[in-house]
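According to Swiss-Prot, the protein carries these features:
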- 10, 11, 12, 13, 14, 15, 16, 17, 18, 37, 118: ATP binding site (BINDING)
- 88, 93, 124, 128, 180, 189, 265, 277: L-citrulline binding site (BINDING)
- 120, 124, 125: L-aspartate binding site (BINDING)
């Protein structure tokens, strides 16, 4: 352990990572550098500075990464219409590559020997952080305290704080939160507590970002989203930065009861886990993006893209953002977005986000051909006869050989 002189820790300022600071100092006799990222978790990050200073930390990094997070990670993911196992919008998964990248960069800047994180040994995040770190810095040493220490309960962590004079607000810490929560600009997640029973309904007061659909306004909210190369660049005609887009859609969606999700998912480490999520802005973005693609993408390109999406989602969920396969898939996905431009009109009402209009100068929708009225010869319906016969040829041959379908 003596070879570790300096460690960069992903630090939230909470109970677990505050204990980790002191544990690293004592166990490894090393200097600790803390890194706190603001990725839109909705909490003040500056208090983490005072807490780190109280623990004797000299080098403290606190960074606003909201714009980089949405622009370089969330937006590329949404170009693929990414969902994991049919429902999950990957709000936690997509936040980890950026944090891993900055941990490695800060380690390089400060001459640190190792990086550390507070992810447990049961979850996916340990995998995501460490796969990212090894992809970016192959020789990096990673210290994962939850896989080393015996502080395996909240009570033990709090006792450790008392024994080592770690500044934690015990007036709130002794009241065990019923849920383990994680938030960023894309979503907030809830796990643990009563959610460990997959039959138990989540309590209404758990949800923090949205009103219940029943309590949402009686009048719908309409919003127009402008796309440029697959990314939303304006809301109701007002140009906005990516993180501003997501922040505003979160508010609009939450006010209308949109984006709640309760699922059991398959973790990469092998177990099933029940989680509840609120992704109001992301839910709106996904439906709007699919709508503008329906107007502008070629059919076969769209269908192939849909086939690639589950693999792309799995790659991100499992922590392989920095892998060759993710970069290859991203290149293919991005190549489809050149003409994904236009405006989508959405109706937000009591938990639903409904597309009610879409338009684009690159639209492949031709009303003169698609019309049910007189098309003035734009489409000769007689051509369909030969098309059908050619496509039925293999079926007719098989049937003629006695291979009738059951």
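Just so you know, the numbers here start at 1 and follow the chain as drawn.
Cβ from N, Cα, C; glycine included.
Taken residue by residue with DSSP, residue 14 (ATP binding site) is part of neither helix nor strand, so it is coil. Here the Cβ of residue 124 (L-citrulline binding site) has 19 other Cβ atoms within 10 Å, regardless of which shown protein chain they belong to. Maximum C-alpha to C-alpha distance over the listed ATP-binding residues 10, 11, 12, 13, 14, 15, 16, 17, 18, 37, 118 is 17 Å. Listed in sequence order, the binding-site residues near residue 118 (ATP binding site) (C-alpha within 10 Å of its C-alpha) are 125, out of 124, 125, 189, 265. Cα distances from residue 14 (ATP binding site) to the binding-site residues 93, 180, 277 are smallest for 180.
For residue 265 (L-citrulline binding site), the Cβ neighbour count at a 10 Å cut-off comes to 17, with all displayed protein chains included. Within 10 Å of the Cβ of residue 118 (ATP binding site) there are 21 other Cβ atoms, across all protein chains.
In this structure the alpha carbons, written CA, of residue 120 (L-aspartate binding site) and residue 10 (ATP binding site) are 13 Å apart. Rounded to a whole number, the distance between the Cα atoms of residue 125 (L-aspartate binding site) and residue 189 (L-citrulline binding site) is 13 Å.
All chains included, 16 other C-beta atoms sit within 10 angstroms of the C-beta of residue 16 (ATP binding site). Each of the binding-site residues 10, 12, 93 was scored by the number of other CB atoms within 10 A of its CB, and the lowest score belongs to 12. When the binding-site residues 10, 12, 16, 93, 277 are compared by Cα distance to residue 125 (L-aspartate binding site), the shortest distance belongs to 93. Of the candidate binding-site residues, 10, 12, 18, the one lying closest to residue 180 (L-citrulline binding site) when CA atoms are compared is 12.
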